[in-house]
Each structure stands twice: as structure tokens, then as C-alpha cells.
């Protein structure tokens, strides 16, 4: 399930809620995303994110040096991010 926090239109206000840039409404970041979702680049949706454990910690193999990362890490500026098919 994709969440509001997985959308480029989500603007965080604090640790639990934010504003939808489309509807201008306050929303909870963990609620299900709407059909208008514009998927934000994150490690969890990158083909270079591998070997994730049950806690969402995996390995990035898309950069010069492999390293452990959280699946929820924003990857907007990551040069190695490639969306999964």
C-alpha cells in the first residue's frame, strides 16, 4: 500500500501529518495515497535497493560504494536511483 508520504505532492508539517499540494487538505502521512499519487523516489522503489530485512533496512548497490540504507529514505537527489519496473 502506498501512503501519502510516498507522494511528491505531500508536504510534511510535522512527524505525523502534512498538506496535500493538490487538494490543500491536511492529511496523515500514513494514510493510503489517493489515485493522483506521483510516486516519490525512495530507496524502497529503487532497483538498486537489495537484501531488505523485516525492518526495512537493506543495501544500496547503485552507487560507487555499497552501503546500508533505510527503505523509506528519500532519494530525490540520488544519482543511482532507478525506479523498479
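All positions are counted from 1 along the displayed chain.
Every residue, even glycine, has its Cβ placed from backbone N, Cα and C.
Cross-referencing 20, 60 against the [4Fe-4S] cluster 2 binding annotation in Swiss-Prot, which names 43, 46, 78, picks out 60. The binding-site residues shown are 4, 7, 20, 34; of these, the one with its CA atom nearest the CA of residue 60 ([4Fe-4S] cluster 2 binding site) is 7. Sorting the binding-site residues 34, 43, 78 by the number of other Cβ atoms within 10 Å puts 43 first.
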